[in-house]
């Protein structure tokens, strides 16, 4: 690790450069003791398609964003505390290589590197930072993780009823609990998932039944009561079709305006090293 860089000029310059690239849309990143350990371009699997994203690994956070102009301008900054992160290696296929999943309680997603070596570098550095951060904070590793969204292109039919076929008029939705691609009829219910949002979110019919049953059991055990006139286990649920109270386009907004970055970067065949780690 490079903790000795914490109070050096070169570390301050590196962090200032990252802040400058995100501009006013990003949050300040310079903190006492914070070290920028590495950076690079990874492919992030978004809802509609895989897209290049810039990632920065600090000793306490992981930051990523959309690329507008590489090494000059980024947008849609996301900051993930490392004590919340768990990594999972994913199997290799002919179409998908060097992949792993970054899992947190609020959001989980799949990324891939340009080579197996690069993937291993990222994983080893992140895991070491997570280990040190947990040790420093006294926290336990997270055991609850948000389900990653299954990409739209993975299915042409609803993954719950297996009857509804998606089209230009029949849109896809995502269950916030299991991440499945479902139709509107199979995702009419809403349920409060405090780890993800302060308001009830879209869930599929199966997850709704499971969540409601779990909530009912918890209420019975605690001898609690819900809202007047309704069972306690439904106090956190909202039934009925959505009227725009949730948005399935988080990934689309995140990836909008990607600027002049090439739309089809050959990550797997270019032989280019896309990441670097500081020492």
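Using the three backbone atoms N, Cα and C, a Cβ is placed for every residue, glycine included.
Just so you know, TrEMBL annotations are computer predictions that nobody has curated.
Remember, predicted model here, so these are calculated numbers, not experimental data.
Residue counts of the domain 'PH' (35-131) by helix, strand and coil are 19 helix, 51 strand, 27 coil (DSSP-based). What TrEMBL lists as domain 'PH' is 35-131.
The domain 'FYVE-type' annotation in TrEMBL covers 152-212. Note on the domain 'FYVE-type' (152-212): its mean pLDDT in the predicted model is 94.
Residues or ranges marked as region 'Disordered' by TrEMBL: 237-264.
Annotation comment: TrEMBL describes 244-253 as compositional bias 'Acidic residues'.
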